[in-house]
Amino acid sequence: MGMSGLKLLKYVLFFFNLLFWFCGCCILGFGIYLLIHNNLWLLPFLPLGNVLVIVGSIIMVVAFLGCMGSIKENKCLLMSFFILLLIILLAEVTLAILLFVYEQKLNKYVSESLTTSIQKYSSDNSTREMWDSIQSLLQCCGVNGTSDWNGHPPASCPQGPQVQGCYAKAKQWFHSNFLHVGIITICVCVIQVLGMSFALTLNCQIDKTSQALGL
């Protein structure tokens with residue numbers, strides 16, 4: 001690969017990471033907005049705003065290393081970018097395996113945690129916000145139905161005899177969108193592998209160019 005190929009690879013990796021840096025900024029900003037205004041909850045212990053802030057921050061840091069490493073042709077930054085992407089990819093694979101292996105235990109834990117949290121609805125503001133956001137978003141009531149509220153469902157519960165519990169509704173949503181979730185996950189992994197390949201290739205080409213120039 002000549003100097004023109006090296007420059008092309010450098011700028012492809014730069015703009016690739018610049019785009020993801022802006023995406024990280026948007027995710028971080030949206031996460032902060034949710035934390036300030038109306039937080040949503042993925043699990044009883046996992047606010048969506050917190051997740052987005054963490055994910056957005058990680059994307060920004062990794063993309064920054066990729067941008068600076070490529071445009072400055074800095075081997076140290078490029079290898080840091082490569083190692084971080086590798087760690088994130090391995091963590092994603094490990095998490096997917098653990099979720100698959102311990103699916104039943106996780107389902108039981110989530111169900112029990114939701115049931116326990118109902119008892120704190122009146123006394124804890126964060127629990128009340130969690131349940132109100134979940135029930136409003138999914139149009140569900142309680143864990144298994146309106147009966148979970150002992151005849152006194154909150155205003156966020158939709159009215160009607162056929163109202164589903166939030167646990168069943170969440171599982172139903174996930175199964176109906178499983179294909180989309182799978183495609184998005186695969187695309188993210190492919191992008192990570194491409195980023196790692198570009199970084200490693202650019203790092204090797206910097207070495208070869210330096211040797212050719214006698215540096």
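A Cβ is built for glycine as well, from the same backbone N, Cα and C atoms used for every other residue.
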Candidate cysteine (CYS157, CYS166) that TrEMBL pairs with CYS141 in a disulfide: CYS157
According to TrEMBL, the disulfide-paired cysteine of CYS166 among CYS76, CYS140, CYS204: CYS140
Inter-residue C-alpha distance, CYS141 (disulfide bond) and CYS166 (disulfide bond) (nearest angstrom): 6
CYS157 (disulfide bond) and CYS140 (disulfide bond), distance between Cα atoms, whole Å: 6
